[in-house]
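Participant: Structure provided below as structure tokens; questions to follow.
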Amino acid sequence: MKVLWLQASGCGGCTMSALCAEAPDLIDTLAAAGVEFLWHPALSLASGGEVTRLLQALEAGEIALDCLAVEGAIARGPMGTGRFQMLSGTGRSMLDWVRALAPKAAHVVAVGSCAAYGGVTSAGGNPSDAVGLQYDGAHPGGVLAAGFRGGLGLPVVNVAGCPTHPGWVTETLMLLAKARLTEADLDSLGRPLFYAQHLVHHGCPRNEFYEYKASALQLSDLGCMMEHLGCVGTQAVGDCNIRPWNGEGSCTRGGYPCIACTAPEFEEPRHPFTETPKVAGIPVGLPADMPKAWFMALASLSKAATPERIAKNAVAPRVAVTPTIRKPGGRR
Amino acid sequence: MSDTPRLVVGPFNRVEGDLEVHLDISEGRVAAARVNAPLYRGFERMLEGRAPGDALTLTPRICGICSISQSAAAARALGAAMGLVPTDQGAMLAALIHAVENVSDHLVHFNLFFMPDFTRPCYAARPWYPRAVARFAAIEGQAARAAIAARAGLMHILGLVAGKWPHTLALQPGGVTRTPGARDVLRIQTELRMFRKHLETQVFGGPLEDFAALDSRSALMRWDRGDAGLFLEIAADLDLDALGRGAGRYLSFGAYPLAEGHGFAPGLWQAGEVTAPNMAAIAEDLSHSWMLGGMAHPFDGVTRPDETMREGAYSWCKAPRLEGAPVEVGALARQLIDGHPLAVQLAGGGVLARVAGRLLELARTQILMEAWAEALDPGAVFMRQGNLPETGEGAGLVEAARGSLGHWLRIEGGKIASYQIIAPTTWNFSPRDAQGVPGPLEAALVGAPVEPGEDSPVSVQHIVRSFDPCMVCTVH
């Protein structure tokens with residue numbers, strides 16, 4: 001499968017993250033499934049006229065486009081022209097190129113939350129009038145219609161994340177190359193279920209604090225960050241704590257909250273990112289699929305039952321009280 | 001003599017974003033250049049009216065390659081407004097986190113962005129060509145592949161103490177969110193040891209200390225080991241010192257602020273002298289930018305795009321000036337302002353000087369990182385708490401891999417009233433100002449040779465990439 005990768009209105013961080021793929025590295029991982037790049041802006045030699053000629057040949061159908069991968073949102077401004085991002089040397093906007101090339105592609109992949117939904121590029125009043133490929137925030141229909149399908153029948157595959165985990169990108173491309181990704185393997189927002197069927201909460205090392213609602217009061221505390229610090233790991237999709245980042249990392253392991261960067265409109269939480277909105281002192285926002293009454297009952301019960309070790313550690317930067325060791329009684 | 005009087009070069013890849021260069025050609029050389037940063041997103045506008053702390057989440061996402069630099073600048077700007085600085089150990093861990101990104105960027109730039117241009121068929125007759133292809137062919141070159149692996153390993157440090165890369169929230173005005181333990185420190189040191197091994201076996205072909213001790217241009221040009229040696233052989237053959245020379249005016253905000261001072265000193269270099277830069281004398285000129293408003297210091301600046309994209313302007317990039325004149329920023333600037341004798345000899349140089357300055361800094365930063373890791377105290381406090389003011393202002397001035405990065409923040413009524421950013425490539429790739437003075441890249445391109453039939457002159461590509469541009473940061 002030959003992939004044309006375009007960088008639209010974004011930061012390029014999903015490519016930079018993909019280069020962190022390990023064991024094997026990005027290139028060997030993709031090659032193992034027969035994935036190669038027709039052109040990638042950060043990796044390929046071709047520049048200038050060589051690239052323009054390639055794009056023209058793809059547009060004319062002279063070269064098959066197995067997969068169009070777009071990283072970054074698509075700017076529609078100013079005034080609907082798309083000229084907030086021109087593709088250099090071509091005299092045409094990225095908006096125009098994406099609309100021209102997507103119908104030629106067997107598959108279209110949105111790499112990152114910007115390309116999927118608009119993401120951070122559409123934050124704060126959306127100065128460049130940016131949208132995702134097939135979504136405008138959570139609403140179907142971006143620069144491509146809600147009914148758009150790639151040549152092989154799939155909607156835009158939304159590898160959402162800000163940035164994307166290297167594995168999300170490589171495995172999506174590999175599954176497509178091996179014809180093992182169907183529409184049933186995507187969630188209702190177009191995200192591959194292999195990572196979107198998990199919650200960031202799964203495997204979070206702060207789970208014991210969560211169980212007792214033993215909460216961190218400030219960043220650098222070890223406790224659960226849901227109650228005060230804006231963490232939405234119990235609602236956000238992603239396997240971040242099942243297969244960590246850069247070796248051993250994740251946001252919650254790094255000491256800061258999950259902001260649901262895999263979700264549409266995460267860039268506008270309507271409260272400061274690291275503060276939990278509350279009504280009458282009670283946090284707004286429930287863990288996924290949890291009935292409110294049960295959550296309230298369990299939370300008050302577990303909070304009352306918090307062991308001293310957990311209460312103390314929750315508000316400390318390093319473990320202050322270690323688990324009590326129960327000695328086995330079998331031998332003397 | 002070229003028969004093409006004008007060229008428009010783009011799409012321009014391996015520049016972290018896209019770039020369009022307009023060239024006037026005369027007698028086979030570039031007579032004038034205009035540089036267009038073709039992407040506007042409007043981050044400064046997005047931040048207005050938000051909670052000040054949101055800058056720590058949003059500004060790293062300006063850039064996927066300078067992400068931590070943006071974090072560091074935002075944290076420092078907020079800290080300045082709060083009257084808060086990190087604890088000593090927090091500052092040291094933050095410096096280490098930032099340095100990991102910067103050396104990773106240097107490694108990526110050299111191996112993936114800059115060197116592949118020497119594998120172009122136009123160089124097939126050069127004696128070094130087969131070695132350049134073996135080492136630096138795009139995607140497949142041995143050096144490129146080894147660099148990708150070494151970088152991924154080094155970034156385990158960020159997994160350990162910054163959660164992930166890019167786009168961490170670990171850097172805060174008071175320090176770092178993750179408190180490392182003794183085993184974390186040892187893991188950090190192990191990763192650094194592995195990275196040194198990569199640098200010494202692949203990049204330098206010898207001890208880092210030997211490269212860092214080079215004290216003259218002639219000593220540099222005698223370095224014949226590793227990929228650095230291959231680059232220097234190519235540079236001598238193609239006279240890359242003469243290609244794309246700088247104007248000799250350099251700025252550094254100072255890298256890695258620690259309790260005992262900066263890792264690399266701040267300063268303004270001009271006419272061979274280093275002085276303290278007057279930060280109040282920074283102003284952004286909008287005469288050739290598709291931006292509305294007048295010339296202003298970033299505390300007073302606005303970002304209002306000219307949606308008509310008026311004639312006469314040609315870039316979304318503003319034109320920052322220090323005391324009315326452009327400055328070049330980057331690794332070479334930092335190293336010569338820090339007083340390194342080799343860098344001082346390279347001042348005013350072109351492609352060779354910029355790339356050699358970056359290699360020198362790669363070696364020196366590794367040595368700094370090792371010292372900081374050794375000095376990390378797992379029993380220390382890594383973060384200090386503070387409160388945001390209802391009203392205040394602050395500047396966060398840091399050094400990204402590719403040069404000086406500043407955030408200027410004003411808070412009113414507990415919200416961001418104004419947030420202005422000048423990124424390294426805003427300085428280097430600025431358009432002309434009202435006096436018609438070109439930006440540093442525009443000036444450096446004048447005189448570059450253009451061969452008959454070239455639509456994307458290779459000399460122009462070398463010069464552009466020698467700055468290690470980050471185009472997504474440029475306009476932001």
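Cβ atoms are placed via backbone N, Cα and C, with glycine included.
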Participant: Starting from the Mg(2+) binding annotation in TrEMBL that includes B:I421, B:H476, which of B:E16, B:E20, B:E27, B:E44 is the extra site residue?
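Facilitator: Of the residues offered, the record points to B:E44.
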Participant: Based on Cα distances to B:C473 (Fe cation binding site), point out the closest of the binding-site residues B:C63, B:C66, B:I421.
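Facilitator: Looking at Cα distances from B:C473 (Fe cation binding site), the smallest one goes to B:C63.
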Participant: Given the binding-site residues B:C63, B:C66, B:C470, find the one whose Cα is closest in space to the Cα of B:E44 (Mg(2+) binding site).
Facilitator: B:C63
Participant: Give me the Cα-Cα distance between B:C66 (Ni(2+) binding site) and B:H476 (Mg(2+) binding site), rounded to a whole Å.
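Facilitator: Cα-Cα distance, B:C66 (Ni(2+) binding site) to B:H476 (Mg(2+) binding site): 12 Å.
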Participant: Name the binding-site residues, out of B:C63, B:C66, B:I421, B:H476, that lie close to chain A, meaning a Cβ-Cβ distance under 8 Å, keeping sequence order and answering 'none' if none do.
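Facilitator: Contact set vs A: B:C63.
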Participant: Applying a 10 Å Cβ distance cut-off over all chains shown, what neighbour count does B:C470 (Ni(2+) binding site) have?
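Facilitator: Here the count is 32.
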Participant: Under DSSP, is B:C470 (Ni(2+) binding site) part of a helix or a strand, or is it coil?
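Facilitator: Coil, per DSSP.
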Participant: Can you name the residues of this chain that are 6 or more positions from B:H476 (Mg(2+) binding site) yet have a C-beta less than 8 Å from its C-beta?
Facilitator: B:R41, B:F43, B:E44, B:I62, B:C63, B:I421, B:A423
